[in-house]
C-alpha cells in the first residue's frame, strides 16, 4: 500500500454503523437493492459468456470437424432464447436497482446526518 491507513478501524466502524441504520430504516429495499444488483451483474455475465462460448465452439466445430453452417445455425437457434432471457433479466434488474437506489438515497443521507451529529 502506498500510504498507511491509520484510521481504517474507525472508518470501518462508521461504515458498519451507517449500514446498520440503513438496514433498520429500510431493510427490504436494501435487500432488494443487493439482490437486483447481483441479478443484473449475473444475467449480463451469463449472457456474454454464453455468446463467447458459442463463438468459440462454432469456430472449433468448423475447423476440426466436417460441420457446416447448418449445425452452427442449429446451435445458435438453441442458445438464442437463453441469451435473450439472461440479457432481459439483467436489464430489468438494472432498472429495479436504479429505482431502489433512488429510494434509498434519502435514508443514506439521514444515516450520515445521524452519525455526524
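Going from the start of the chain as shown, residues are counted 1 onward.
Here the Cβ of each residue, glycine as well, is placed from N, Cα and C on the backbone.
What you are looking at is a predicted structure, and each value in this text was computed from that prediction instead of being measured.
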The annotated transmembrane segment range in TrEMBL, which must be one of 18-37, 38-57: 38-57
Per TrEMBL, the range holding transmembrane segment, considering 58-77, 78-97: 78-97
